[in-house]
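What follows is a set of notes on a single structure, which appears directly below.
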């Protein structure tokens, strides 16, 4: 406590005893980049020396102005940092060769916030910091003001303990007092503007985001563009190979592996959407001027054709790919857990297509009808939920959670069935090497998809939770220098998403994996029948449609043979005439493994 009071007293004495102000002649103004750490990112990048305090170098400025950092950190006024930097590192404009001091309103707001704190310890506002000598906003002499409107600030009570740097984002109540639509944000002032009354950033209405997200540096944005482009091209090549292989010989790929073909086709179009963004550019796809001189991110856009095209490619086919993964998991469950054959599963393929294409179509139409398409200031694409958290939760996050949970449930059920089969085979004294290899492959396939999909969902949860705090971050709504949670971790999360969303080029390997698994399942299905018969089980056999003279009226039906305990059962053979007479059972839904007894 005593140490902190001593620091404050020294600062106040420094304010009072510093030499007087000396204006620099306009002919001496030579612009140079700001190198003082505390004043970097204050809102301008160039300054000149000597300043009003006759400092000849920025090294001298840094030694003095950084002594005020504890006072800035206490935040007696949100304008103190800007006021100090505008005095110690005055702005320099190459096309305006005159000094540009801070406006009197900036000084008055800083004084109104910090003067009561100083008076508690017997100090007056220093004469050299007098506000009367500064020009007012609107006078003939130009001046700087970081706020577009008047602000009222009150001095916070003096802290009872040594202040600590805050690591949590500012609270909404603090933002209500201090937030302004500052550069690089774009204020929408004209009522005739298309976005007037329709956009807001954080709690501020009529405040639009610029085309490029200001949280990140130019290097970070360049790397993000390269990262997206790299995985998009790799995904396009791998999925195109998979789809071309299918088109050459369509009869080779049957259920349960066929959904991987449609999954790859969906990723092919998703990657195409990202490639269009890569070729056309960030600004042409995700940004618009809307009658202003600055490019802003697109809000509620249903008109721009390029934006709508990219949205449909990325969103529609992205959601369809998630549903096809659920279908793939479901067909795997039917084959592994319910002992269904390929033809029996294929009999319901029309329902798979109906679900996989109809659900994304309805959602895409709703998004377009509600004008909910907006620009992504990081990836540079058009999507839904980039500027509206309700749309993000309703159209993106919730469906992905449902698809991930449902598909994982079917995979888990099929995996449990394999464990049961393994225990039965071991009881019969048969080797389980093939089955164990199959289980390892399925485990790898599960990790290959579910882990990246889980990362995507986790990143979306993270984003929707912290995005309001990012929008109230320093240099945007809050004044520069205000501590807040920085969204660089969100950028890393986006890079992780790219590995799955536009870059999921694992379909060739997945297709080969599932085809091998299907062959093993057919062998297991045949070898399981004698074991089940020996234990007195009733054996369901899913009949292939229209093969080898079987009565076509019974296709897609399940037939049941009563097998006495201990009797031998022939291997499953396509020659149905070799089997004893059977009695047809009424067709059942594929997800109900119950066969009625008559």
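Cβ coordinates are placed from backbone N, Cα and C, and glycine is handled just like the others.
Fair warning: this is a prediction, and the values are worked out from it, not measured in the lab.
When TrEMBL is compared with the stretches 170-187, 188-205, 206-223, 260-277, the one noted as transmembrane segment is 260-277. Among the ranges 144-168, 294-318, 319-343, 394-418, the one that TrEMBL lists as transmembrane segment is 394-418. TrEMBL lists transmembrane segment for one of the ranges 88-110, 111-133, 226-248, namely 226-248. Of the candidate ranges 438-462, 463-487, 488-512, TrEMBL annotates residues 438-462 with the feature transmembrane segment. Check TrEMBL against the ranges 354-373, 374-393, 514-533 and you find transmembrane segment recorded for 354-373. Within the same chain, residues at least 6 positions away in sequence whose Cβ sits under 8 Å from that of residue 107 (disulfide bond) are 83, 129, 131, 134. The disulfide-bonded residues in question are 39, 85, and the one with the fewest Cβ neighbours inside 10 Å is 39. Per Cα geometry, 85 is the residue among the disulfide-bonded residues 31, 39, 85, 92 nearest to residue 114 (disulfide bond). Taking H, G and I as helix, E and B as strand and the rest as coil, DSSP gives the domain 'FZ' (26-146) the counts 51 helix, 9 strand, 61 coil.
Mean pLDDT for the domain 'FZ' (26-146) in this predicted model: 81.
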